[in-house]
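Participant: Dropping the structure in here first, questions after.
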Amino acid sequence: MTDKNPLAVAKGHGPALLLLLIVSLIGLPLILPSATLATEILIFGLAALACNLLLGYTGLLSFGQGIFFGAGAYGAALLMIHLHWGMLGALVGAALFGALLALLVGALAIRRKGIYFVMLTLAFSQMAYFLAYTLSGWTGGDNGLLDVPRPNIEIAGHVLVDLANPRHFYAFVAVLFLLIFAGALRVIRSPFGSTLLAIRENETRAAAIGYDIRHFKILVFMLSGAITGIAGALYAMLLHFAPLSNIDLMMSENILIMTIVGGTGSLFGSLLGAGAIVVLGDVLSELWPRWLMLLGAILILVVVFMRGGLWGGLADLVKRLQPSRTLDAKTKETL
Amino acid sequence: MSEFLLETRNLQLAYGPFRAVDGVDLKVRAGTIHTVIGPNGAGKTSLFHCLTGERQATAGKILFNDQDIIRKPSHGRVALGMARSFQLTSLFQNLSVRENLRLAAQGRDGLGALNFWRSVEHKRSHWDTADQVLERLKLNGRAETLAGELSHGQQRVLEVGMSICAKPTLLMLDEPTSGMGIDDIPVMTELISDLGRDHTVLLIEHNMSIVMSISQRITVMSHGQILVEGTPDQVRNDERVRTAYLGEAA
């Protein structure tokens, strides 16, 4: 599933990738019918990016991403509702909450490898769902947590940005996305990130040359949990609502599907994957109530015929059509 | 400080009632190339696993620089100055040759490698080490090639080369010529004797021509125990060694 050499993307192409991202972030709300849909894409793009750090860069298939997404949503909502925390406080809280839960899940799950690791994340996912279901006093149980606020960005009572406006909220999320994406690029190109690739490639050798694998896996889990927590918080703010489905196994699956469809070899692929699935869901669900079947078919097609995911497919296409990369950077984002 | 860099005392590795390593007292003098040989099933690889930390010895002591390391996990032994290569080539196949070596150099940082806010470019010393080792392995021309795309012989060379990146005092090489074509073997022999100038080398090897030409000391194992230890000449002329090998063949 993994692209042959993700370092090829990580090395040297950083500025070009960021430029491509900025163009995409500006173009997205212009192409799509609503700013809300564009915001949703970015939010799931964040969740998929966080999942990609685990799957694409460390080789860890986690079915626990929904835990951190849901936890971020509930955590931020509760902080805002009960403690009246502002926007940034709620986001930091969600990130910490996500990281903390990832520490718990990660510390136990990484004691096993391969299929057993996957099963452990599945088990945690089930537990988290029923925990949220049971604690209905806090989470609203089946009804979800209602009336989640979307606070404005204020300094000393003075409103800097009014986020009630969907376009403003999109811009805010876009800036966050850019910052987190740039941060994640940095992480990939750090000693830590390069070691993750080594672990993905060959765990035994990585241990033999001196790396304590557990520490690396736990740290990447926490980073992933923090980013997913932020995504969950933003989603609750977008909907003004934190449904129980946020922490459902289905959410973990969706995040994984977006990551795989987008391509595990590139962080930008995660945004593509999220975009493709969110837009498809939006379009298809209006045409046909059984649209999830089509989604399954698309996943099969991508996995079988496009091993690098959408990102890999596009990169191939660009290579075949035109020798010049810079021109294509512009055409790529329209997809 | 004792004259031995690595010393085992009554080392034992048991699988149930079977003792793969049965009371081994190995003494590796600093600055030598010390080879462990023996017929198949003699316990060489089991001994090697205890030394690298891959297996937990069931009894005895392993002294490295006079420090008992028997409970240290494999990754913890790197920072002390021990490094190993694998019998079955174990590389980062989809990463470049240079990156393979840089990662191996970075490994000695231990938890320092958890640094996620700085670029890898920042640590010049790891890149410098990688480039020096590339030169030494004569792989400079293939620096940006993916490790998996190297020829088998070159992969074996890289396999051994990765173990010197952490600047170890003790190199433990597990059958470095394993699976190598007859044409590539002289390259490996030369490389190991070259590495022997800067490192103490503990070698496990089947290929007798290598063993006899580059080792200063040879330990012969049989049935989990040390049969004979001595210089290549002593071992060559030892009656017990012949019987052990011939007995195996017969």
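Cβ coordinates are placed from backbone N, Cα and C, and glycine is handled just like the others.
Pulled these features from TrEMBL for this protein:
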TRANSMEM  A:12-31  transmembrane segment
TRANSMEM  A:91-110  transmembrane segment
TRANSMEM  A:117-136  transmembrane segment
TRANSMEM  A:169-188  transmembrane segment
TRANSMEM  A:218-243  transmembrane segment
TRANSMEM  A:255-280  transmembrane segment
TRANSMEM  A:292-314  transmembrane segment
Participant: Taking contact to mean 3 or more CB pairs closer than 8 A (sequence separation of 6 or more), are the transmembrane segment (A:255-280) and the transmembrane segment (A:12-31) in contact?
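Facilitator: Yes, the stretches contact each other.
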Participant: Cβ pairs under 8 Å only, please: of the recorded stretches A:12-31, A:91-110, A:117-136, which one is richest in them relative to the transmembrane segment (A:169-188)?
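Facilitator: Going through each listed stretch, the top one turns out to be A:12-31.
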Participant: Mind checking which residues of the chain, 6+ beyond the ends of the transmembrane segment (A:218-243), have their Cβ under 8 Å from one of its Cβ atoms?
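Facilitator: Hits for the transmembrane segment (A:218-243): 36, 39-40, 43-44, 46-47, 49-51, 53-54, 57-58, 60, 62, 65, 68-77, 87, 90-91, 93-103, 105-107, 110, 139-140, 144-150, 163, 169, 173, 176, 180, 184, 187, 192, 196, 255.
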